[in-house]
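Below: the structure, in structure tokens.
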Amino acid sequence: MAQLEGYYFSAALSCTFLVSCLLFSAFSRALREPYMDEIFHLPQAQRYCEGRFSLSQWDPMITTLPGLYLVSVGVVKPASWLLGWSEHVICSIGVLRFVNLLFSVGNFYLLYLLFRKVQPRNKASSSIQRILSTLTLAVFPTLYFFNFLYYTEAGSVFFTLFAYLMCLYGNHRTSALLGFCGFMFRQTNIIWAAFCAGHLIAQKCSEAWKIELQKKKEERLAPTKGPLSELRRVLQFLLVYAMSLKNLRMLFLLTWPYVLLLLAFFAFVVVNGGIVVGDRSSHEACLHFPQLFYFFSFTAFFSFPHLLSLTKVKTFLSLVWKRRVQFSVVTLVSILLVWKFTYVHKYLLADNRHYTFYVWKRVFQRHEVVKYLLVPAYIFAGWAIADSLKAKSIFWNLMFFVCLVASTVPQKLLEFRYFILPYIIYRLNIPLPPISRLVCELGCYTVVNFVTFYIFLNKTFQWPNSQDIQRFMW
């Protein structure tokens, strides 16, 4: 059975890579020059490729650290020595873009290993389910598209998933080192390095919580009723747990590689004067709480085979009626957050090359009241996401929610790329869905990818004040 699964995996990976190579060829023919953010990334990588590493050679418009460029040089330079290619060829746009295609192969393999590790292997979860889940996430539209451009997404996901895998296998020093590599691609990836530490802490808290529950059971204390009472008990338990020096010492000994990484990050922020390098004018942090609601909607859209069903809607409505006071409070708080904390970035309104421009224009700008009318849908999506993660411990859920808030809420710009990593972490940790739902999900992703690539490659346009060809993209 294991050998057969290996054949299935090899076939899925080979077919995906073949299709990706064909798409890469189409991209290379259509895009001879750097496009969008590539106008910053590609020249910087080419300077590194030529051995010009001094700070005077750094483009101040770049806001991320040089992880992508350093890895690219580490890949293409040995290739030039082995193949005898000239520097002009090895540092070309096509070769540098191909580095991300290599990252996509690594991501496919890491996703498969993560599904094998995260999901319990039993008769109920077949090899087909694991491989279909891997294939589906590997072609997740928002991530898959950027495998063909010289962006940081593919490498960022690779090192973050690798760090998560090493964490699950208990190799925490390697995990922290890989977390640092992820940070070098995108500074906010430090949150997902902290997530690995949080995973360890959640495990230990769960063990202690089980002992606590067993004591309560033996003392025959009345069980708590309702989620708020349960949450209050959990928070009280965490407070008591954190007050114990013995527990803190044990947690530090477990998580010290991540603690060192976080201390290095804080030192970087102090020395740099902020998390962003280069141009900070367009990357101002703020409390943009509706980003959580946008993530819930994004997740509900891309995971609709698992989150949307008539049964789920009926269950949700029944729960709303049963706990109408609590849901009324949640609704009022959500409306308040939408009212007071909605921010509209200048790029969202000005750049009509991104899909988010049209989502905002045709949904949110249709009428002032629309953003409030969507609140019930946000609440349903949030509940459906939480319900799909109920197999995980409450401590894991708390830790994931904290990391989700930290990675999305400070972002002023509505950008689907910011949702890639939290979505993948979420999708990895829900129970393996039935094959029929996975096939439906894969089919929908394939359609979305086809439409996205077709529009990007064929439906070009020009701005009135520019002769450059513009394209629609995520």
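Using the three backbone atoms N, Cα and C, a Cβ is placed for every residue, glycine included.
Per Swiss-Prot, the features are as follows:
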type	residues	note
TOPO_DOM	1-6	topological domain 'Cytoplasmic'
TOPO_DOM	28-64	topological domain 'Extracellular'
TOPO_DOM	86-97	topological domain 'Cytoplasmic'
TOPO_DOM	119-126	topological domain 'Extracellular'
TOPO_DOM	172-175	topological domain 'Extracellular'
TOPO_DOM	197-256	topological domain 'Cytoplasmic'
TOPO_DOM	278-283	topological domain 'Extracellular'
TOPO_DOM	305-317	topological domain 'Cytoplasmic'
TOPO_DOM	339-365	topological domain 'Extracellular'
TOPO_DOM	387-392	topological domain 'Cytoplasmic'
TOPO_DOM	414-436	topological domain 'Extracellular'
TOPO_DOM	458-473	topological domain 'Cytoplasmic'
TRANSMEM	7-27	transmembrane segment
TRANSMEM	65-85	transmembrane segment
TRANSMEM	98-118	transmembrane segment
TRANSMEM	127-147	transmembrane segment
TRANSMEM	151-171	transmembrane segment
TRANSMEM	176-196	transmembrane segment
TRANSMEM	257-277	transmembrane segment
TRANSMEM	284-304	transmembrane segment
TRANSMEM	318-338	transmembrane segment
TRANSMEM	366-386	transmembrane segment
TRANSMEM	393-413	transmembrane segment
TRANSMEM	437-457	transmembrane segment
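Below 8 A, the CB atoms of the transmembrane segment (393-413) and the transmembrane segment (176-196) form 3+ pairs separated by six or more positions in the chain. DSSP places the residues of the topological domain 'Cytoplasmic' (305-317) in helix, strand and coil in these numbers: 11 helix, 0 strand, 2 coil. Taking every listed stretch (7-27, 98-118, 257-277, 284-304, 366-386) in turn, the largest tally of C-beta pairs under 8 A with the transmembrane segment (176-196) is reached by 257-277. Mapped onto DSSP helix, strand and coil, the topological domain 'Extracellular' (278-283) counts 0 helix, 0 strand, 6 coil. Through the fold, the topological domain 'Cytoplasmic' (305-317) approaches residues 299, 380-381, 383-385, 387-388, 430, 433, 437-438, 440-441, 444 of its own chain, all at least 6 residues removed from its boundaries and within a Cβ separation under 8 Å. Looking only at the topological domain 'Cytoplasmic' (197-256), the predicted model's pLDDT averages out at 82. Of the two recorded stretches, the transmembrane segment (127-147) does not lie close to the transmembrane segment (366-386), with fewer than three CB pairs under 8 Å once pairs fewer than 6 apart in sequence are set aside. The recorded stretches the transmembrane segment (65-85) and the transmembrane segment (366-386) do not share 3+ CB pairs below 8 A when only pairs 6 or more apart in sequence are counted, and are therefore not in contact. Tertiary neighbourhood of the topological domain 'Cytoplasmic' (86-97): same-chain residues 24, 27-28, 31-34, 38, 42, 45-46, 49-50, 72, 76-77, 79-80, 148-150, selected by CB-CB distance under 8 Å and a gap of 6+ residues from either end. For the transmembrane segment (98-118), the list of distant contacts is 9, 12-13, 16-17, 20-21, 24, 68, 71-72, 75-76, 130-131, 133-135, 137-138, 143-144, 146-151, 153-155, 157-158, 161-162, 164-165, 168-169, 424, 428-429, 432: same-chain residues at least six beyond its ends, Cβ to Cβ under 8 Å.
If you count C-beta pairs under 8 angstroms between the transmembrane segment (7-27) and each of 151-171, 284-304, 437-457, the highest count goes to 437-457.
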